[in-house]
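The structure appears right after this line, and notes come after that.
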Amino acid sequence: MTSSIYCVIIFFGTIYGGSAEADNLILDRFGRCRKIVIILAGMIGVGKTTYTYRLAEELGTQPFFEPVEENPILDKYYEDPDKYGFALQIYFLNKRFKMIKAAYHDDNNILDRSIYEDALFTYINTLKGSISEQEYDIYLELLDNMMEEIEGLPKKAPDLLIYLDGSFDHIMNNIKKRGRNYEQPNEENGLADYYQLLYKHYQNWYEDYNYSPKMRIATDDLDIANPNDWNHVYQQIQEKMRTIGLEK
């Protein structure tokens, strides 16, 4: 693409806090961005980090990856979501805010996940009872305050949303293969039900999403480490970008 700036934000589910008011809050604050923004959305375990790396490589941008291994709360959350649910979302919000400021300091960057995605996590935890309604309101107020501090974000919506779709079995297999012990569902931890709830909301959210042009990529039969598979994916993305006027 010509002189445009890319900030590709990976987003497992939504610019979505559970209400139209929350949606508009996030989108309005996001609406100050002068950069071209491509969001990669999709369920946890669908392969967002891998797709981020490949797309950043193709576009010549620097990816910012989520510091999962450095997160001191994430494994504790999986063990006791009621105790650590709110703390985890505040941690993610703070880290994501720092990532956004770092990403927009330079011209070209890709973010693995986004501050907008965290709102869905918070909403789902509110549905499950791991986060109270009062904590949820505090979270949204803090999100609003943080977004007011970010300069140079003029857009009210992304330029393109790329939804990475996969069957539930495919995603569960990916989670199993990457081998993070705290992510593995068993009879005691209730994670299978949690993943099912997330998956359901992803599917519904994509169908309802109308803030920007969007496209779906079916990932079940793809291995983007294979050049032929990646070329197939990238050609789809290029064609969509040409269609909506984001010329390379």
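Each residue, glycine too, has its Cβ placed from N, Cα and C.
The following features are taken from TrEMBL:
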ACT_SITE  Asp112  active site, proton acceptor
BINDING   Gly42, Met43, Ile44, Gly45, Val46, Gly47, Lys48, Thr49, Thr50  ATP binding site
BINDING   Glu66, Tyr78, Gln89, Arg113, Asp118, Glu183  substrate binding site
DOMAIN    38-239  domain 'Deoxynucleoside kinase'
- By the 10 Å Cβ-neighbour count, the most surrounded of the binding-site residues Thr50, Gln89 is Gln89
- Least Cβ-packed of the binding-site residues Asp118, Glu183 (other Cβ atoms within 10 Å) is Glu183
- At the level of the C-alpha atoms, what whole-angstrom distance separates Thr50 (ATP binding site) and Asp118 (substrate binding site)? 19
- Take the Cβ of Tyr78 (substrate binding site) and count every other Cβ within 10 Å, whichever protein chain it belongs to. 19
- Query: Which residue, out of the binding-site residues Ile44, Val46, shows the minimum number of other Cβ atoms inside 10 Å of its Cβ in this structure?
  - Reply: Ile44
- Roughly how many angstrom lie between the C-alpha atoms of Val46 (ATP binding site) and Tyr78 (substrate binding site)? 19
- Query: Gly42 (ATP binding site) has how many other Cβ neighbours within 10 Å of its own Cβ?
  - Reply: 26
- Using Tyr78 (substrate binding site) as the reference point, find which of the binding-site residues Gly42, Ile44, Lys48 has the shortest Cα-to-Cα distance to it. Ile44
- Distance, Ile44 (ATP binding site) to Asp118 (substrate binding site) (CA atoms, angstrom): 12
- How big is the gap, in Å, between the Cα of Glu183 (substrate binding site) and that of Lys48 (ATP binding site), rounded to a whole number? 16
- Query: Roughly how many angstrom lie between the C-alpha atoms of Lys48 (ATP binding site) and Gln89 (substrate binding site)?
  - Reply: 19
- Query: Where Gly42 (ATP binding site) and Gln89 (substrate binding site) are concerned, what is their Cα separation in Å, rounded?
  - Reply: 18
- Item | Cβ atoms near Lys48 (ATP binding site) (within 10 Å, other residues, all chains) | 23
